[in-house]
Amino acid sequence: MNAPHKPVLLNEVLESFKDRKGTIVDATLGYGGHSEALLKSNPDIKIVGIDQDSEAIAFSKQRLASYGDRVQIIQGRFADVIEDILQTHDVQGVLADIGVSSLQLDKKDRGFSIHSENLDMRMDQNAELSAYHVVNTYDEEELKRIFKEYGEIRHSGKLAKAIIHNRPIQSATQLAEIAQKILPKNKRVHPATTLFQAIRIEVNKELDQLKGLLDALERHKPKGAKVAIITFHSLEDRIVKQHFKEWAKSCICPPEAMRCTCGANHALGNIVTKKPIVASIDELEENPRARSAKLRVFQFKE
């Protein structure tokens, strides 16, 4: 069966989990690229795959069917189901690829792309909140907030006013045209890219989901487990970096303390990747969409 989506940093993910025996949670199963490669590379691995996209779930069930009981697939948001998985499985690894798949971007009816005919952007097609709802019903202050927080857009107020003035906005292309008139031009990417990112994050509550996953891992501290997270923009990467940094701290005394009184034995594990791993030149030539991908890995103590 032809894979519709190239998994990013695949070799680096395989390297991260090559010594694992037991359950790997693929928190963003998607079209099964990372999971299939992990199953092929290591007969001692079992996969629990999670995704909220029903199209991706159907594809991955078929793609991974030959692996039988080595694979369990759950439909849902990873932050909502990870707690139960950590309680019921011997989790030896967690992988999360926090991004939109190529297929989601390329399918115009999903509304993720600036070239889409509609405004949707829901990863879970059954969810109530869509990009259309955000763009056409949020007030000016709400729009300004998500543009500033999730897109780090400097002209968030001006953009919010323009969107409200042009309502109703029916398509992604119409929204992109409005953004193009307001936002500074960029040689590398379309001016509307960060706007679409901000709306997508709001629709899918992506940062809340990421924080929920990390908080659950911190609570359960799965012994010896490796956590590998791929991010595609600075907001997500900052969250992962900060959590890993806090987890690796031995001393938790307040900064103003003159000397350590906590015992300096509070580290949950160690950061495996001192700097984020990025795509190789060869991968970028084959898959330009990997250009902004960053992989960070943490390992909990035994």
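Keep in mind that glycine also has a Cβ here, set from the backbone N, Cα and C atoms.
Taken from Swiss-Prot, the feature S-adenosyl-L-methionine binding site applies to Gly32, Gly33, His34, Asp51, Phe78, Asp97, Gln104.
Structure with Swiss-Prot features highlighted.
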residue	record	CB count, 10 Å
Gly32	S-adenosyl-L-methionine binding site	28
Gly33	S-adenosyl-L-methionine binding site	22
His34	S-adenosyl-L-methionine binding site	27
Asp51	S-adenosyl-L-methionine binding site	26
Phe78	S-adenosyl-L-methionine binding site	25
Asp97	S-adenosyl-L-methionine binding site	23
